Each structure stands twice: as structure tokens, then as C-alpha cells.
Amino acid sequence: MFTNNFSQKQILGVSKDASESEIRKAYRQLTKQWHPDKNPGNEEAQEKFIEINKAHEVLSDPEQRKIYDAYGEEGLNGQPGGPGGGPGEGFPGGGFGFDPFGDIFDNIFGGRRRQNAVRRGPSMEQIVQIHLSSFYTGGSFTLEIPVKRTCSVCSGQGFNPKYSADKAIESCPVCGGSGFRVIEHMIAPGFRQQMRMPCNACNGNGRTIKHKCPRCKGERVAEVVESFDIKVPAGAPEGYRIGFRGKADEIPGMEAGDIIVILEAAGGDYGWTRKDNDLYRKETISVREALLGNWKRKIQKLDGSFMEVKRSAGEVVHPGETERVKNQGMPIYNLHKGKTTSAHGSAYIEWEVKFPKKLKGKFLKDLNNLFEKYDNEFDEL
């Protein structure tokens, strides 16, 4: 094919800085000149026509042209110097998909693969909800995460170990081992376009696994469950991230990415909720306690211990009043130093007063008389 010897712009006969209109004009002229209907039986003309269409497709597409201008033909093919890996490297399914058994083929058939730098696979984020009390006290727990690892049955080869490699792997029945398929479609009356595309049956490899591994089904990796020790420092903020380098899914031909565990609070414990380093809760008291005072109350903290709040006689609590108790909030974790400090945030208690639904009888009468008797004093409060 001409692509091996000429650049896309040389094929169309345009300059390096050709505009879109110049490219379209050259394309129209060349397709008329090299159209197979005008050159019956001329294989060179047919190949030239295919190359002209391919060159036009690249140069008329902004993204492909950007890659071509930056990296040339090798960039389009994903070879060294381009933005992607070559055929059979990366993720399965696309033009830049990884070759799930490329090294097997090379070992069998003597191929020499390009020595690209190993790319990293994607990282995995795992959100885990823990009790607020665990953020307060700190601690550790074991987390089980399903991950993909090199298949233990076929040792990552992809084929059934009962068979030898040369018997387990065959030429692709769809593309005949070429790794490509020629797709033809009509672009205008009397004009047909042929596109040479990587075969989707073998992902452009030209070979397929005939006898696949019963465990991984030819994927070379299989799912297993691994245990990870999660350590939570006291006072760790919500959204605290714990990383495990190179422990994400193993992908053939790539370096495994990271597992990132993100900690979130499952909900309030002992009635507490959190905002940064401070804790919040609501407490209900009676009308008598609100008006007369002279009481003590123990409130359970997130570590199971208790703190005491109290009111002296005659100290009134208003509905909705919020009380701040210093140094009773969350332990303060220093993200920069990566350790828990001795300082604590504050605890905030919002007081709710429980009023009776209705007053009646002697109680209503006596209370009314009391207010009338001390009406002036209430006005002065």
C-alpha cells in the first residue's frame, strides 16, 4: 500500500499548511482520476483510490489531523512517538486496544514487538462508609476488594494449558490472518469508498485463541478477592484517601494502576453529626428545666465516654439556643504532617424545649395566677 512510502499530504499532493478547501479540492480531483470505474482491472489505481480516501479522512478530521501534524504517520498508527500504543496495546475493543496475547504470538511466530514504555492502567476508587465514631477514635479494619489478576490456570497465556500454543492459537477466520478487513460503502452515486480497518474479531492481531482457558476465557486475567488493611487515623477528615500502589486490576502489557480507598461517614453516632472538626447534636429539655435551671445532664461522646453540661438555679435556656463546649469536638488531624494532633474542635448543642400540647384544669388556673402575680417581673426578664 502507498501508506508505507508516502505521507497523507503527499498522497493528496497538497502542501504542509494546506487549508480545508485545498484538501477538499485535491480530494475531488484525485478521486475522479483514480476511481476504479475509470481504471478497470488496474490494481494500482484501486489501491491509490483507497489511499486517497484514507488520506482525506485523516486530513479532514480535526482530531486525526492534529495527531498527524504532531506525530506523523506513526502517531496515527499508535507507534512510538505517537500519543497511543501500537495495535494490541491498551484497552480491548478499540483501535488502540491492547493485545491480550501479543507476546504469545511473538514467541510462537518469531515476531519482534516494538519496545514502547510500559503504560499504567487505570486506578480504582473504592468508597467505604464507616461510623463517625471510627473517624473520632481511629482504628483499622480489613477491606475485601475484587480485582483482576494474572490467571492462575493458564499463567496468563489465555489458552487452555492442555494444548500447546501452536495448537491453541489459529489464524483469525474472519480476516484470514491479515488483521484487517476492507469495508466498502457508497459515498455518492457511482462512487464507492473502501476503508481498510483493523479486524474487530481478532482486534487487529490476525490470530485468535481456538482453545481458550476455562478460567479466564482467553482474557489472561481472572477476578479474585484480595484483602487490604485500612488504617484510619483519629480525626481523619471525611473523604480521607488511602492509596495502594500498583494494586488495581492487572492488564496484560500494562503496569497496574492504584487502588484508592475513600472514607465517608455512614451517619451520626450517639446523635452526633460532623462539620469539619466540630460536632453537632440536639438535646431536648422540659419547660421546667428551661425556666428553672438547676440540673445536670451527661451526654455520651463518640468514644463512649461522657461529658457533663449543667445549668445553675434560675438559669434559663431559650428554645433553639446553641451552646458551645470547647475541646469536645473531633480530634484535629494535620493533613500536611500526616498525624493526629492533641487539639480538638468544639461540640455544639442545640437545646429544644418540650412544651405540653394543651393546658387545662387546676394546672392552667394556677399557672395563670402565677403569671398574673409576677407579670411585672416577667416583663423585666
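The backbone N, Cα and C atoms fix where each Cβ goes, glycine too.
Annotation comment: Swiss-Prot describes 78-93 as compositional bias 'Gly residues'.
Among the features that Swiss-Prot reports, domain 'J' is placed at 5-74.
Summarising the annotation, Swiss-Prot assigns region 'Disordered' to 72-93.
Per Swiss-Prot, the feature repeat 'CXXCXGXG motif' maps to 151-158 (among others). Proximity of distant same-chain residues to the repeat 'CXXCXGXG motif' (151-158), defined by a Cβ-Cβ separation under 8 Å and at least 6 residues beyond the stretch ends, is recorded for 100-101, 104, 165, 209, 212-216, 218-222, 252.
Positions annotated as repeat 'CXXCXGXG motif' by Swiss-Prot: 172-179 (among others). Within its own chain, the repeat 'CXXCXGXG motif' (172-179) is flanked in space by residues 87, 198-199, 201-202, 204-208, which lie at least six positions past its ends and keep a Cβ under 8 Å from the stretch.
According to Swiss-Prot, the repeat 'CXXCXGXG motif' annotation covers 199-206 (among others).
Predicted-model confidence for the repeat 'CXXCXGXG motif' (213-220) is 91, expressed as mean pLDDT. Taken from Swiss-Prot, the feature repeat 'CXXCXGXG motif' covers 213-220 (among others).
Residues or ranges marked as motif 'Prevents secretion from ER' in Swiss-Prot (evidence: sequence analysis): 378-381.
Counting residue by residue with DSSP, the zinc finger (138-225) contains 4 helix, 42 strand, 42 coil. According to Swiss-Prot, the zinc finger annotation covers 138-225, on the basis of sequence analysis.
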